[in-house]
Amino acid sequence: MSSTRSPVTRSPASPRGQSSGEIRNIASVSSSLLPAFGTVIGEGTLKLKKLVIAPYDRRYRIWQTFLVILVVYSAWSSPFELAFKKAASGGLLPVDLLVDAFFAIDILLTFFVAYLDKTTYLLIDHHNKIAFRYVTHLGFPMDVASTIPFQPIYQFFNGKKQEGDIFGFLNLLRLWRLRRVSKFFSRLEKDTRFSYFWTRFCKLVCVTLFAVHSAGCFYYWLATHYHTAENTWIGSNVTSFQERSISLGYTYSMYWSVVTLTTVGYGDLHAHNTGEKVFAIFYMLFNIGLTAYLIGNMTNLVVHSVARTFAMRDAINETLRYARKNRLPEGIKEQMLAHSTLRFKTAELQQEEVVEDLPKAIRSSIARHLFHTTLQNTYLFKGVSEDFLVQLVSEIKAEYFPPKVDIVIQNEIPTDFYIIVSGAVEVVTYKNGTEQFLSKLESPELFGEIGVIFNTPQPVTVRSKRLSQVVRISHHHFKQLLQLFNTDGKIILSNFLQHLKGIEKEELQEIPLISELLSDLNSEEVYVNTEQNHEGLRQEGTRIHRVSGKFPTRIIIHGHHPHDKPNEGRIAGKLIHLPESVEGLLTTAEKKFGKRGSMILMADGSQWKDLGALQENDHLYIV
């Protein structure tokens with residue numbers, strides 16, 4: 001049975017082959033190695049052709065790094081050998097030949113290195129295309145010219161040494177190799193394994209040293225080629241300087257170059273003839289640009305490192321100005337300052353701007369790794385399904401609060417509830433204008449859930465006792481999940497009611513709302529201290545009561561006709577949870593108003609008909 005093989009598309013996303021290794025460190029992958037949109041990447045697209053090297057192969061990268069070390073030597077030796085001819089034909093010649101041999105090997109290797117097509121962003125591994133691209137590129141003739149050892153070849157064919165400067169200038173072609181150093185530093189700057197500050201700092205130091213070395217060597221070369229040695233910058237201080245040691249001449253050259261670059265100008269070494277003066281003029285003009293480049297880069301690095309400090313100081317000053325302008329109390333001002341300071345101190349821990357830019361799947365994985373155990377240990381979510389926890393944890397937000405900051409305020413509209421991850425909070429209530437301490441909460445306890453679940457104003461104030469980290473769960477998202485996970489909603493309601501019944505009597509007396517809610521729940525025969533079967537039923541002895549998976553709807557009942565005029569002695573409307581039957585509604589109204597009604601009316605005077613049609617906060621009139 002025959003099959004048709006589809007053409008293979010080699011993408012730089014994750015290639016492997018006989019000469020290419022796997023990408024093991026994402027931090028070092030070049031940003032240019034990206035597949036084009038629509039490129040199909042599969043298991044059959046991971047190999048290059050035989051004897052083809054991937055440009056980001058680990059071994060090839062090591063080879064390139066080794067060549068960078070040789071480039072540093074070439075950058076030093078080329079100007080040095082131009083100025084000091086004895087070194088070029090002496091001890092440095094074997095080293096130069098060895099270095100040139102390594103670069104000749106690299107020229108051969110380049111014919112086998114795949115390249116990235118800039119139009120399709122695909123790796124090209126065809127040998128003919130690789131060779132044609134390299135040969136027709138400027139890099140090939142320059143690589144060859146900078147590698148040929150001209151002086152040994154001339155000596156081999158002519159049998160004598162050439163004393164002119166032609167070979168010294170030809171050696172300057174080796175400076176073409178400096179482009180490798182530039183690419184090397186560019187790659188390091190993008191590699192998060194290395195400090196950007198120190199990478200950039202090393203690059204600036206290398207640029208400065210190369211400029212000082214090159215200028216000093218060329219300035220010495222000018223002195224050696226002037227017809228009157230005593231009328232030169234070094235000849236006026238050192239007699240017969242050309243016959244002295246190389247180290248002496250190089251030391252004088254570097255001294256002059258550094259003094260001129262730093263604009264110190266002691267005056268002990270200065271230009272004597274026209275050629276030296278012209279060179280000094282251009283060198284000083286060059287130094288102006290180089291100094292501006294160095295100062296600009298260093299300033300940028302320093303400012304970048306202290307930018308967060310400046311932002312924190314500005315935020316604190318703005319807070320103080322706002323507090324003074326509006327004459328805020330000292331306690332509120334201290335809370336504002338504590339929050340501003342903590343926000344900057346915890347920025348590296350939270351990094352919300354980083355997480356928000358990530359795909360939802362990655363955000364969910366991060367949140368699940370950080371907070372999944374915390375959610376499992378809270379009383380409200382014990383026994384719920386793993387699917388419910390995964391959906392819930394994907395939308396939670398982590399926050400830090402400094403000591404003595406109100407997180408939940410009594411009687412505010414509930415929008416979120418919180419789980420304590422670390423730290424501690426205290427629960428207080430205000431009664432007749434007096435603050436009264438109720439309890440202390442620590443990890444992994446919750447607060448704010450009473451107002452969210454019953455959709456009532458928060459019954460207490462919750463204040464951080466020390467530096468605390470909490471996770472915030474949105475009221476809206478929580479209710480949406482309960483609609484999707486009905487069974488989990490029953491478990492959560494059961495856990496919640498059990499928790500309410502376990503609150504101490506002293507604390508219940510200070511929170512009338514909870515006491516009233518528990519009284520309503522008991523009157524509606526909702527029992528939670530029993531075992532649950534698979535049908536969502538709760539059994540206590542021989543009595544069975546159904547517990548709804550959804551939270552009860554709240555309605556407001558009145559004990560008079562909707563068209564009656566207001567009466568000062570009349571009992572105000574009562575907020576209750578909607579019972580499951582008409583009989584239960586009439587019984588509840590009798591308990592609230594002290595009389596039993598027989599008819600249920602809507603606000604417009606029409607008779608109420610459908611129990612399921614009622615919505616949150618609807619008004620019913622029992623007459």
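Glycine is treated like the rest: Cβ placed from N, Cα and C.
In TrEMBL this protein carries:
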REGION    1-21  region 'Disordered'
TRANSMEM  60-77  transmembrane segment
TRANSMEM  97-116  transmembrane segment
TRANSMEM  201-222  transmembrane segment
TRANSMEM  246-266  transmembrane segment
TRANSMEM  278-296  transmembrane segment
DOMAIN    380-499  domain 'Cyclic nucleotide-binding'
DOMAIN    554-623  domain 'KHA'
Whether the transmembrane segment (278-296) meets the transmembrane segment (201-222): three or more C-beta pairs under 8 angstroms: yes
Residues of the parent chain within Cβ reach of the transmembrane segment (246-266), under 8 Å, 6 or more residues beyond its termini: 80, 83-84, 86-87, 208, 211-213, 215-217, 219-220, 233-234, 237-238, 280, 283-284, 287, 290-291
Tally of residues which DSSP labels helix, strand or coil - the domain 'Cyclic nucleotide-binding' (380-499): 40 helix, 45 strand, 35 coil
Same-chain residue ranges lying at least 6 outside the transmembrane segment (60-77) that approach it to Cβ under 8 Å: 53-54, 92, 95-96, 99, 102-103, 106, 109, 113, 171, 174-175, 177-178, 180-181, 184, 210, 213
Residues of the domain 'KHA' (554-623) by DSSP state, where helix covers H, G and I: 15 helix, 17 strand, 38 coil
Mean per-residue pLDDT computed across the domain 'Cyclic nucleotide-binding' (380-499): 87
